[in-house]
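These notes concern the structure reproduced below.
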Amino acid sequence: MLGNQLKVLWRNLLGNRVYTLLNVIGLAVGIAASTLIGLYVIDELSYDNYHEKKDRIYRLTTTLDLGGDMQAAVTNMAVGPTLKRDYPLVENYVRFFGGGGEVELTVDNTVYKTDNIRFTDSTLFDVFTYEFIQGDPKDALKAPNTVVLTKTLALKVFGATDVLNKQLKMNNSMLRVTGVIEDVKPNSEMQFKAVVSMSTLPQQTRDVFTQDWFRIGVFTFILMKETIDPYDFEDELDEVNEKYVLPWGQANGSEASHDFRLTALKDVHFDNRHEYDLPKGKKSTLYIFVLLGFFLLLIAAFNFINLSLAQQRKRSKEVGVRKTLGASNSSIMRQFILESCLLTAVSMLIGLMLTEIFLEQFNQVSGKYIVAWDVFTPKVLAIELGIFVFIALLSGAYPAFILSNLKPTTVLKGTQQKEGSVGLFRKLLIGLQFLFSIFMITGSFLVGDQLEYIRSKNLGFDKENLVTVTLPSDTTARKNALPWIDLLKNDDRIKSYSRSNLPTGGSPEIMFRIEDGERLQERTVKCLFVDEYFAEVLGLKLTQGRFFSSKFPTDAQQGFIVNQTAVKEFGWEDEPLNKRVQWGLLADNQAENDGKVIGVIDDFNFQSLHNKLEPLILLYNPSLQGGTTVSIRFKEGDYTKTLSYLEEEWNKTVKTHAFDLSFYDQDIAENYRDENKLFTIFMFFSAVSIILASFGLFSILSYSIQARSKEIGIRKVLGATDVQVMWIIAKDFVWLMIGAFVLATPVVYFLWSSWLDDFAYHTNLQIGSLILSLLIALVLVLITVIYHGIKVSKSNPIDTIRVE
């Protein structure tokens, strides 16, 4: 019985080679595309799931109530030990400090540049789960000047992993290797290439971050003795504020407070509320990816189902003959379901092969590290099985049910069967395909529009021909950089340069007292420490007053420059100059720096466009000690040789630290890495959706024309022109397309408006993008119709009439 059914299947496949091939390839491509996107989504949702104690780990964050709440992902160093000491429910804590810049590791006089090295507590391996290759996790980081390396870094600097107790030099500190672990998994929030014991930090640094409750800068995680709701622990956290933070602030001239809050480890990856945080995932982007994968799969599945319906409708006479010869309805249904299952299985296998083939390219575009084995995890295989059952049953069972209920006498007489519910079902599937395609095409245009808006928006400064060199954090090394900075003065290829603590992703916030009527109001404000050339180098516009100058020595303690947003938010629109400002606050409204506003500059976007413009205060610090970066503006032209020269001179004068240079326009572009990734992926998969829709449209139109060949022949005999015939073929699809466009418009508006809301400054949804998407889809229909119409126009209508 099975052998006979397979023979029938083989004959049918050979008799419809082209359409079978289109059917299988279309479904395989859809499965591959949706599987890749599914792997991306699963990876995003599985951040830090591998830690054994993940359900009891929470990140501690800080909300600073200083004239306006500022939520920070970091805390001071004291809060972790305090919670463990005062609250029995807290089992342990671990803190991470540093890890931003590039460092040099020296082994046997060979220097290796690396980054992402963090200082941490010895409790790290009790709280989090890492696989040790060498060393004892309990003692690895207890002693000062000890380091645990990841496998990749150990192989890089030592050429082996059996390196316990070997020495390496990190900048100016000698470290002893006490452990080697497997590389941190890519889907982990806290990335590092090595961890150094917290006790290695200079005592002065530890004292500052421990004793000053307002000095935040460490990531703090706590391990609870049991799983809790973070809200249930808020009273205990409020007690820490009342018991420690408020008294410290009052003793140091401030009435500010902190609110400490917990975030469950499983929620950290998508928690974008905090300043000073690590790169985060975006739920809006994830939702769009889920829809993208779902739509691609449905487009491919609907193609497959539609073609199965159209193809099996042609086999009505076969069904009639078989029923006349005694075949039962159940045997006919089994035949069609078997055929559908086998074709779906073949498509599934090809789809998984395509997934493996294109996985590396997908990783490069998406920034993921998905491996081939991830395709065969139980979760992914369960999803694939669900897809198989859905497609196989719907594409086999539904047409089988319709055909098995046909009357043999009606079929064998050649009586034309009305499409009825089958026709409506097919049109519904085609309409949904058009809707999904319009959504994806429009999405590509909108993401592209936003990226173009970002590229073309005036940020308030000139980012071209501008580079930044990060200075060493080590005081001695920074002093060694002085001769190198002096070289910049005498180089004709350099237009200007400036020292500052200017970052490209944000700037620090510190507490000021701001003149507010007759009193001084405490509030946190973003600030930059700059020299007198800062405005010239960045091309900032001074709107009132003057900029800092070495001719006014008191500017360092008594001069402040604010931006226009600060003027508005501080209520200084009438006259901002000479408004009083304090920082370095002491008790009784005293401060280390007490002065007045000497100038106002135009707003400039010193952060990502995801963030609104905020008040900014510039502080004058002409000494090298206050500047963490040197911004250099080159004259027009090729400055490649100049950069090489500057690096050579740096290596001669600052021997202990690597030359850390970045182009400012590239640093800004890095803020929009996720958006560029989304655009690339959407463009690619939109093209895939168009190709899949083309496959389906081509095949469906072909079957539709065959089914209506007698009608078309009669119309041609009665004088219908080729254009009229084409319209007869196309009109149903054109109306379906317009209907899909009407339905897609509100969906597109809602979803993409949500995505654009992640930006404080963004383009508006353009109706032109929607209309262009509709036109692309209509052109696709018309090209396909014209192709088939030309074939029909060349056929003899008498032959088509005789067919029946």
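Cβ atoms here come from the backbone N, Cα and C positions, even for glycine.
Some features that TrEMBL has for this protein:
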type	residues	note
DOMAIN	20-239	domain 'MacB-like periplasmic core'
TRANSMEM	21-42	transmembrane segment
TRANSMEM	286-307	transmembrane segment
DOMAIN	291-408	domain 'ABC3 transporter permease C-terminal'
TRANSMEM	336-359	transmembrane segment
TRANSMEM	379-403	transmembrane segment
TRANSMEM	424-447	transmembrane segment
DOMAIN	437-607	domain 'MacB-like periplasmic core'
TRANSMEM	678-701	transmembrane segment
DOMAIN	683-797	domain 'ABC3 transporter permease C-terminal'
TRANSMEM	733-755	transmembrane segment
TRANSMEM	767-787	transmembrane segment
With CB pairs under 8 Å as the measure, which of the listed stretches 21-42, 336-359, 678-701, 767-787 comes out on top against the transmembrane segment (286-307)?
21-42
If we call contact 3 or more Cβ pairs under 8 Å (sequence gap 6 or more), are the transmembrane segment (678-701) and the transmembrane segment (379-403) touching?
no
Take the C-beta pairs under 8 A between the transmembrane segment (733-755) and each of 379-403, 424-447, 767-787. Which stretch has the highest count?
424-447
Same-chain residues near the transmembrane segment (21-42), Cβ under 8 Å, at least 6 residues beyond its ends:
286, 289-290, 292-294, 296-297, 299-301, 303-304, 307-308, 343-344, 346-348, 350-352, 354-355, 358-359, 362, 366, 368, 370, 374-375, 379-380, 383-384, 387, 391, 681, 685, 688, 691-692, 695-696, 698-699
Arithmetic mean of per-residue pLDDT over the domain 'MacB-like periplasmic core' (20-239):
89
Residues of the domain 'ABC3 transporter permease C-terminal' (683-797) by DSSP state, where helix covers H, G and I:
98 helix, 0 strand, 17 coil
